[in-house]
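Presented below is the structure to which this report refers.
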């Protein structure tokens, strides 16, 4: 979960220029690699269609084509992997972000202790004092994959460090994703479109954003599994093969084990099957493909402990079950019909099919009411009712990657594919074979989801690549074809042609209305519908419509081809730029630029985590906001109260309450939870906007959800409704533990000057907050991480406030380290 | 099956004709497969009624058993549809031998998971 | 502070008058359909320091001159929740009151409490009796969940003796519309079936849906962005914000580009005359170049650090 990707991007944008300069050389080399495969597909993709000289045998042509295909594919893979290595080159081989740190930690356990230990791993340090049963609460696919690779390499005496496997897993799988997309698109059109799609998905930023080296998260392998499952489903549907259906189920199982987004497949395939049914396209192939996938896939998905019996118990999975039942009924009905064709019996069949359908739906509703089937879970429900999460599950709404997507993100992530995408969908409508229906449904559903949540851009990206590749390759098919059409015929024959064409079209329409069109017929219908459109388009100008297609003249071809090449080259530049600047930062190490333009790394996080690791007792418990839980566990190896696995809302709200209450109220909470250290992230000195003060309102909101009487959001605003941290800040704000810890001794840095918070651009009062119940233990170089030690109860039984006052009155002693601090301008 | 039970003599005769048509038109191989399908249906109904009437206590055992019945049913039904000579046009790429191989492969995978589930 | 001093000065006589005061409040509430219309004196009575009742007060400004749209939006929800409270049995009901204080009826109270905005909901806990709270300060309702009655009643139920039996009224009009729509659909199915079976209708629906979604429609809906900016600007700088009008512009740009590609693939190759075909090829290529440049320029406005540009 890249929580602050956006915030980060916003911060990062400032120093973008510097970074680009520093990696210019890398940039060039990668660009060179990328350009080659871009140009490849359409130089050879049409070899089959070209009238080559007669002394070359068709076998030679086919062999050459497949060799070129392999070479191009190799280059695409190389480009896909290479462009994901910016992060390693710019920084180092390091795990990124937040969630990957947990995955990495779990993988280390898996590699060191074996699978059974991992399965039974109870982690007592997380969610202190509750602990976490890791084996039953993770999707183990990612860790298992790395574990298998690790053991495989070690079997061959290749002692590769587990960290490097984790870092490089995502780039490696991106090459496999390109292959799966190639196969999928080949089913849609042909292999030239497939290669284009593979090249697109290899370097498109929408996918790179989740798969750069070091981004060791579930999505890294999930997109490959998504595409391969879809490909196998389409293949099973086209051939009517139980083999492919079973394989689809096996990969579906892998997907379930790897990513919570498997529900997307669980619903996409049934919707596709249902739409085909409604279009009157039921066939034995559909039955074989769907039933073999569903029966094996559902059973296997229940093997994953974290999923458990959900596939038979929750509403998300009931659609698939319903379609499964419907298919059985329809199949039985069509079997009966094949034996008997009396009118009366047909009626009986229709009635019984409909009543069975109604009965099933009724049973589903009753079971939901009775509680045998769980209703939609909040996360899924919030996709439909977009206001739901904000009202009832603030913890979901607080994550920045769950925010809705503004249009620049679409363009940033998909560039020119985003407008080729509708064109490709139109082409799918032209052919409208069974597999095209799938792309169409996928396009609509994924567009909606990507609009609702930024992170679901990831599911939109593959279909955009496929669809855009279909559009572009169709265009190039037409304009690269060197065969010119004949000179237009005379008026008479064309008039006949018109008549025939319209008659054809009418017939086709009638057939479509009957609704029993199979795939190949539909294609024929499509072409006549097309001619219909062309006729309509031309009827005004009364010109002669010819059925043949083609382009006259080399200049027209050249214009289109140059235009396309230009767009592709621009796309490569765009992708390289976006990848290098926006998506390749580990967010554990930050980069900024020095005045002379050189890169300056800000390593405060690791500095602080290392301090914790070295200077605190092994069993110390650190309280921080949940974002940093995994990192503290992974890098500092200390216990945490809450972490990024946000399973216990109350516990998180407890932390929120402690942070947003005054010291005296927070102190008992801290002591009850055995907290030794409190860690806050403060960006005011450096202008790092992803800090805790900016997240503070979410802490307040989440705490308010549990203790509406004690914490109230309006109290943290000024009377005029502003969120301020300067003198005009509200009392609740000024007294909160979070505020005090963030700005503790901040003004002293500036001496007599104005202390400015650079994130919020506000002046901090000269007389800063004082702390009685916690004391400063560590502040990192740029003040990004501040760690405070929770004091023990006073030995004399006084409350710490009066004890402090007493001590201060006696002797004004300062024992805090001052030397570490310096004002960074 | 409400409409059937509520039907008149006409529909009973329709069922009769259907049965006659079935016995006369279907090859003995398909009848053999159909017999297996009927057995699976009976087994599934038995398990389900046990679950509803008595107990679903080892829920994973019930699910494993029931899913193996359902899975085997649909795989066998797929095989039946693929080897049915009437459907030759539908399955262009699946020969009879291939269909049987698919069936075996699917069943092995299915029962691997079932076995794992019972464990 | 002044207020509290004043009130505590009055406390002694009020303590004697508390019983009478409560009766008066009960009758006021009964006459106002569950809501007490407050003025300065009844406000003091209602929030007297010695009270065994809790009270929820809506501060509002309903007078049209005040132009408080949220107040108008919120008022019906408030009244609905208060009305639901009247159905509670008497001994519970009389321990909690709903009241409305309009700015124009008691501006002094607004000044005393230092209130600058409306609507506000404050809940005063009881200070005596079994439910007495140690905190004398009122708690404030957070409008982040909107102005609907449902969340309001859930929140207020934390402060009332028994939960407020509020049930959202059944929206008959909506149900009727749905039923009528379904019926008319079923009746006209025979006539509109050919239209529904036309693939290009579905195609148009699909394309328009994905274009609006890709234009960021859901962002404007969820965030409630305005159609244009305050100063009439229709494009808001910054990659993480956008106005309503941008959805239309961007969707139109994408649509034009996609349309040009569709023309080049589906129409142009079927032309019968070389000359006309050539003109169309150049025309659509030009359109693509131009509109694409416009798109990149738009993106540069949003993302200032973007280094590339096309013709414009």
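Along the chain as shown, residues are numbered 1 onward.
Using the three backbone atoms N, Cα and C, a Cβ is placed for every residue, glycine included.
Record note: among A:535-557, A:558-580, A:581-603, A:604-626, A:558-580 is the stretch given as transmembrane segment by TrEMBL. Averaged over the domain 'Oligosaccharyl transferase STT3 N-terminal' (A:68-468), the predicted model has a pLDDT of 87. Take the transmembrane segment (A:133-153) and the stretches A:67-89, A:191-208, A:220-236, A:318-336, A:460-480: counting Cβ pairs under 8 Å, A:220-236 has the most.
Ranked by number of Cβ pairs under 8 Å to the transmembrane segment (A:410-429), the listed stretches A:165-185, A:220-236, A:558-580 are led by A:558-580. Under 8 Å from some Cβ of the transmembrane segment (A:165-185) lie the Cβ atoms of residues 73, 76-77, 80-81, 84-85, 88, 93-95, 100, 103-104, 107, 142, 145-146, 149-150, 153, 191, 193-202, 207-208, 210-217, 220-221, 223-224, 227-228, 230-231, 234, 462, 465-466, 469-470, all in the same chain and six or more residues away from its ends. Contact check: the transmembrane segment (A:558-580) against the transmembrane segment (A:191-208) gives at least three Cβ pairs closer than 8 Å, residues 6 or more apart, which meets the contact criterion. Cβ atoms under 8 Å from those of the transmembrane segment (A:191-208) belong to residues 34, 37-38, 40-42, 45-46, 69, 72-73, 76-77, 79-80, 83-84, 174-175, 177-179, 181-185, 223, 412-415, 417, 457-458, 460-462, 464-466, 468-470, 472-474, 476-477, 572, 574-576, 578-579, 582-583 of the same chain, restricted to positions at least 6 beyond its ends. Same-chain neighbours of the transmembrane segment (A:286-306): 135-140, 233, 236-237, 240-242, 244-246, 248-250, 252-253, 256-257, 262, 269-270, 273, 276-277, 312, 317, 320-321, 323-324, 327-328, 330-331, 434, counting only residues six or more beyond its ends whose CB sits under 8 Å from a CB of the stretch. Listed as Cβ neighbours of the transmembrane segment (A:220-236) (distance under 8 Å, sequence separation of 6 or more from its ends, same chain) are residues 141-142, 145, 169-170, 173-174, 176-177, 180-181, 183-184, 187, 207, 210-211, 242-245, 247-248, 251-252, 254-255, 258-259, 261, 264-265, 268-269, 272, 288-289, 292-293, 435, 438, 442, 458-459, 461-462.
Panel annotation: around the transmembrane segment (A:436-454), residues 5-6, 188, 230, 233-234, 268, 271-272, 275-276, 279, 383, 386, 400-405, 409-410, 421, 424-425, 428-429, 460, 463, 466-467 of the same chain, lying at least six beyond its termini, place a Cβ under 8 Å from a Cβ of the stretch.
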